[in-house]
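**Student:** Not my notes, these are from TrEMBL:
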TRANSMEM  6-25  transmembrane segment
TRANSMEM  59-81  transmembrane segment
TRANSMEM  115-132  transmembrane segment
TRANSMEM  144-164  transmembrane segment
TRANSMEM  229-249  transmembrane segment
TRANSMEM  269-287  transmembrane segment
TRANSMEM  299-318  transmembrane segment
TRANSMEM  382-407  transmembrane segment
Amino acid sequence: EVDWFSLASILFLLMFAPLIVYYFIMSCDQYQCSLTDPLIDLLMGNKHLSDIWNKTPTLTYTAAGIYIIWVAFQVILYMFVPDFCHKFLPGYVGGVQEGAVTPAGVVNKYEINGLQAWIITHVLWFANAYYLHWFSPTIIFDNWIPLLWCANILGYVVSTFAMIKGYFFPTNAKDCKFTGNFFYDYMMGIEFNPRIGEWFDFKLFFNGRPGIVAWTLINLSYAAKQQELYGQVTNSMILVNVLQGIYVLDFFWNEAWYLKTIDICHDHFGWYLGWGDCVWLPYLYTLQGLYLVYHPVQLSTASAIGVLMLGLIGYYIFRMTNHQKDLFRRTNGNCRIWGKKPEYIECSYMSVDGTKYYSKLMISGFWGWARHFNYTGDLMGSLAYCLACGFEHILPYFYIIYMTILLTHRCIRDEHRCFSKYGKDWKLYTAAVPYRLIPGVF
């Protein structure tokens, strides 16, 4: 059943999330990234909504062509270029991998080649920038708002298609979820793993390809625009490119591990993932670089080192916490965490068919500090991106505010699911590890 709060939240997001994205991008284009000036203009009667809308760039054939070529190129890399990186990169897991068991008992196979797609894309980008000169490195920034309309079109088309597909020709009917509420089903999705053919998986492609591969290219385009406008790239822009680049590369290096995360293992594919991956991610996760085009910030050496250290320490915590969990799971606890055999709580749970299973919840290493300490590292990195932009405007700090809300909500979702699964054993676990994110605080 869909409770009233969930329905209200979903209606709010469906109505206002696209407007929020537009407002942020428009405020940079027309108001030098001030979030308050547009509202003041409207409230004081200095401008009407039509004035702001009429100054907004419209969809162009150039932007449509760029976007179609971009998505088609990523589809080709995803579908038709088998992974070769795992053959020569030690420690990298690529090629055909199995996902988690779905609620219907299906184990899907995936072609893990995101790192390869990222490398090929960026090699071509730099080859063009320095040798081929087919297009300007500022092409993304120069067409940023027209590309927004293209991204919205794809996001809505994909989400609508996924819903129709779930009703009339699902990949696996047993892995569909119908609540009877149109808005909830459209937002959160009906099909668990919608696919076209054997290999085109909507979740993996849209979660990890057009948006995240583009993330670093968008930042590079911002840096190129800064160079064009001011004759230099500031150290804050370099920090944003480097720290977010590490995050993106980490995602692709661990793409096989990503198959076991909440996005793939629990979420159905609807507007939340379809539109979110096409629009929300590339447009709002890159606000720091966009802001620095309009407000170049040159940090002092001490400040730059401080931001860099915060970002790197956050990344280290994020990566090592996930590594400890992965090692513990792969070895069933027969490993060493921080030089010692890990401690854990033995849990049991019942499947829908009445079969009893056993599991282990680790309470050693970072997982003894907090139940979601990987999110803590993620938030430290997010804060570093924002701090690189200084304190003149709140706009670049949207990311840390959003990520705090998102990851706190994920904590609650995950723990509700775990309590339903493990019952009294989960209470023993939370007693052993009482904090969620920040030891001693929360």
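Cβ atoms here come from the backbone N, Cα and C positions, even for glycine.
Show me how these features fit into the shown structure, please.
**Tutor:** Remote same-chain partners of the transmembrane segment (144-164), defined as residues 6 or more beyond its termini with a Cβ less than 8 Å from a stretch Cβ, comprise 18, 21-22, 25-26, 29, 56-60, 62-64, 66-68, 71, 185-186, 189-191, 194, 202, 206, 210, 269-271, 274-279, 282-283, 290.
Below 8 angstroms of C-beta separation, residues 13-14, 17-18, 21, 24-25, 148, 151-152, 154-156, 158-159, 162-163, 185-194, 202-203, 206-207, 210-212, 214-215, 218-219, 222, 244, 263, 395-396, 398-399, 402 of the same chain, each at least six residues beyond the ends of the transmembrane segment (269-287), sit close to that stretch.
Long-range neighbours of the transmembrane segment (382-407) within the same chain, counting only residues 6 or more positions beyond its ends whose Cβ lies under 8 Å from a Cβ of the stretch, are 24, 27-28, 33-35, 236, 239-240, 243-244, 284-285, 287-288, 291-292, 295, 297, 299, 304, 306-308, 310-311, 314, 372, 375, 437.
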**Student:** Any residues 6+ beyond the ends of the transmembrane segment (115-132) with a Cβ under 8 Å from its own?
**Tutor:** 73-74, 77-78, 81, 83-85, 89, 92, 94, 209, 213, 216-217, 220, 224, 248-249, 252-253, 255
